[in-house]
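Asker: From TrEMBL, here are the annotated features:
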DOMAIN    220-257  domain 'Peptidoglycan binding-like'
DOMAIN    286-321  domain 'Peptidoglycan binding-like'
Amino acid sequence: MTWQYGKHFQRAQSFINWLQGKQTAHITEVHVHHTFKPSHQNFNGRNHLALQNGMRRYHLNKGWRDIAQHITIFPDGHIVTGRNINVPPASATGWNDSDQDNRHPFMFEMIGNFDMGFDRLEGKQLETAIHITKYFYNKKAGIRFHNQLLINGKSPKSCPGTSIGYQWFVGLVKGFTPTIPNTTIPNYSSPKKPLMQFLKLTNPYTKNDSVKAVQQRLGVRVDGVYGPITAKAVIQFQNAFGIVVDGVVGPQTLKVLNQPPYRGIMRRGSRGQLVKVIQLKIGRLVVDGIYGLKTEARVEQFQRKHKLAIDGVIGKNTWNQIFLN
């Protein structure tokens with residue numbers, strides 16, 4: 001049985017089942033891409049093959065031997081086959097392993113523009129991407145994002161999008177089970193509704209309900225505008241929890257905002273970035289990072305209000321009340 005271009009599968013497992021007996025090449029890595037164009041707005045739920053054919057024409061007009069990718073993953077999680085899996089992809093210059101040893105990467109494109117502020121990788125599309133990657137990962141293939149395929153020491157593009165964290169994606173692959181919640185990932189257990197959108201300082205400023213949710217978590221004024229004050233609070237939060245400090249509410253920051261890990265007892269005399277986060281969160285304090293008498297008194301007020309043991313000390317119960325309720 002041979003590979004066929006344009007085969008349409010509704011589920012990742014159906015594609016994997018069909019693949020058996022057709023793959024002779026050894027897959028060394030999985031290369032993860034987003035299309036940028038077409039994006040989610042170009043998909044109408046019925047035009048899978050039309051979009052695939054459009055990309056194929058574009059690639060052939062560039063002088064390539066075929067469409068670049070081996071498969072395309074659509075917003076509904078469906079798959080359409082592309083270049084023969086036994087032929088190296090057109091993934092990135094210098095990374096395609098185009099010799100004759102029958103060893104090369106497997107490349108997939110996800111329909112969408114997953115740079116921050118645009119499409120969101122979620123639900124069935126994410127599930128399919130993770131499922132396909134896990135299939136090859138279990139066969140000892142590595143995982144690379146397009147933006148890691150350096151050309152002359154530089155990343156050629158943001159692909160597969162600035163809203164998708166590599167460690168987050170690989171973590172999902174390693175822990176994959178057949179069902180992923182049909183919501184934007186990360187989705188972490190918490191009494192609060194998880195934050196859903198990646199955010200950063202832009203010009204003009206981003207303004208929406210996702211910003212309000214972030215502001216509520218941080219304890220800054222809730223106006224729905226992701227401006228310098230909110231960005232500063234995000235940086236402070238990142239410093240406190242050992243997250244990459246970039247002022248961007250990306251996958252790693254979202255994870256910790258959704259469920260900040262308990263960092264041990266804090267009391268009068270404690271100092272540092274985490275104290276600043278606490279001071280900002282409980283409010284009505286100078287944010288100086290010093291757990292002094294005023295901070296202790298404010299913690300006692302907070303404990304009294306929430307019917308906790310009143311000792312001015314932030315133990316696990318007080319921590320959970322501050323961050324998780």
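Including glycine, each Cβ sits where the backbone N, Cα and C put it.
Predicted automatically and left uncurated, TrEMBL annotations should be read as such.
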Asker: What same-chain residues lie close to the domain 'Peptidoglycan binding-like' (286-321): Cβ under 8 Å, and 6 or more beyond its ends?
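Answerer: Contacts of the domain 'Peptidoglycan binding-like' (286-321) (Cβ under 8 Å, skipping residues fewer than 6 from its ends): 260, 262-263, 265-273, 275-276, 278-280.
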Asker: What counts of helix, strand and coil residues does DSSP assign across the domain 'Peptidoglycan binding-like' (286-321)?
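Answerer: In the domain 'Peptidoglycan binding-like' (286-321), the DSSP-based counts are 19 helix, 2 strand, 15 coil.
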